[in-house]
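The structure follows.
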């Protein structure tokens, strides 16, 4: 084997080892991200909502800082209701239609329908709510009491 081939093989192996340390996102969160992009027509990348205010992102506490943060609290509460129904919202996959002017859930019943409705309402709420850069990546220990 040529030395150049060994270097390429080594680089591939090292990169694969690094990739195994990255935990996968729950499948529904990837789908939710795509639904956000569908509703807002790509005007703001989904990751902007992952660390916004007190409720957008993992966890949540205190009083929402603005309308957009209230959207996230409502979404968290909706997922809480789904869990009470025995659903696993972060892992529940559903189908939706993005080809129309008004995106909608193709799945209407059961856990899939409920979780899709949670995500669709949140995505619509995000699209109509102003985004304040000052509320991105805030110190939640000080502002979310």
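Just so you know, glycine gets a Cβ as well, placed from its N, Cα and C.
Sequence annotations record features per position, and here Swiss-Prot assigns active site to 75, 119. The feature Ca(2+) binding site is assigned by Swiss-Prot to 55, 57, 59, 76. The disulfide bond annotation in Swiss-Prot covers 38-98, 54-144, 56-72, 71-125, 78-118, 87-111, 105-116. The signal peptide feature in Swiss-Prot is assigned to 1-21. The site 'Specific activity reduced 20-fold by modification' annotation in Swiss-Prot covers 91.
How buried are these features, and what lies next to them?
Annotation for residue 75 (active site): spatial neighbours 55, 118, 119, 121, 122, 125, criterion Cβ-Cβ under 8 Å with sequence separation of six or more. Mapped onto three states, the DSSP output places residue 75 (active site) in helix.
Taken residue by residue with DSSP, residue 119 (active site) is part of a helix. When Cβ atoms from all protein chains are considered, those within 10 Å of residue 119 (active site) total 27, not counting its own.
There are 12 other Cβ atoms within 10 Å of the Cβ belonging to residue 98 (disulfide bond). A coil conformation is recorded for residue 98 (disulfide bond) in the three-state DSSP classification, outside any helix or strand.
DSSP assigns residue 144 (disulfide bond) to coil in the three-state reduction, outside any helix or strand. Close to residue 144 (disulfide bond) in the fold, though at least 6 residues off in sequence, lie 53, 54, 60, 61, 62, 63, 65, 138, each with a CB less than 8 Å from its CB.
Taking a C-beta cut-off of under 8 Å and a sequence gap of six or more, residue 72 (disulfide bond) has these contacts in its own chain: 49, 52, 53, 55, 56, 57, 60, 64, 122.
There are 17 other CB atoms within 10 A of the CB of residue 125 (disulfide bond), with all protein chains counted. According to its DSSP assignment, residue 125 (disulfide bond) is helical.
For residue 78 (disulfide bond), the same-chain residues lying six or more positions away in sequence with a CB closer than 8 A to its CB are 89, 117, 118, 121, 122.
Residue 87 (disulfide bond) counts 18 other C-beta atoms within 10 Å of its own C-beta, drawing on all protein chains shown.
Contacts of residue 116 (disulfide bond) defined by a Cβ separation under 8 A and a same-chain sequence distance of 6+ are given as 94, 95, 96, 105, 106, 107, in order along the sequence.
Its Cβ placed at the centre, residue 91 (site 'Specific activity reduced 20-fold by modification') has 12 other Cβ atoms within 10 Å.
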Nearest to residue 91 (site 'Specific activity reduced 20-fold by modification') by Cα, among 59, 71, 98, 111 (recorded positions)?
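Result for residue 91 (site 'Specific activity reduced 20-fold by modification'): the nearest of the recorded positions is 111.
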State which of the following disulfide-bonded residues has the fewest other Cβ atoms within 10 Å around its Cβ: 38, 54, 71, 105, 118.
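Fewest other Cβ atoms within 10 Å, among the disulfide-bonded residues 38, 54, 71, 105, 118, is found for 38.
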Using the CB centroid of 55, 57, 59, 76 as the Ca(2+) site centre, which other residues of the same chain sit with their CB within 8 A?
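My list of surrounding residues reads 54, 56, 58, 60, 72, 73.
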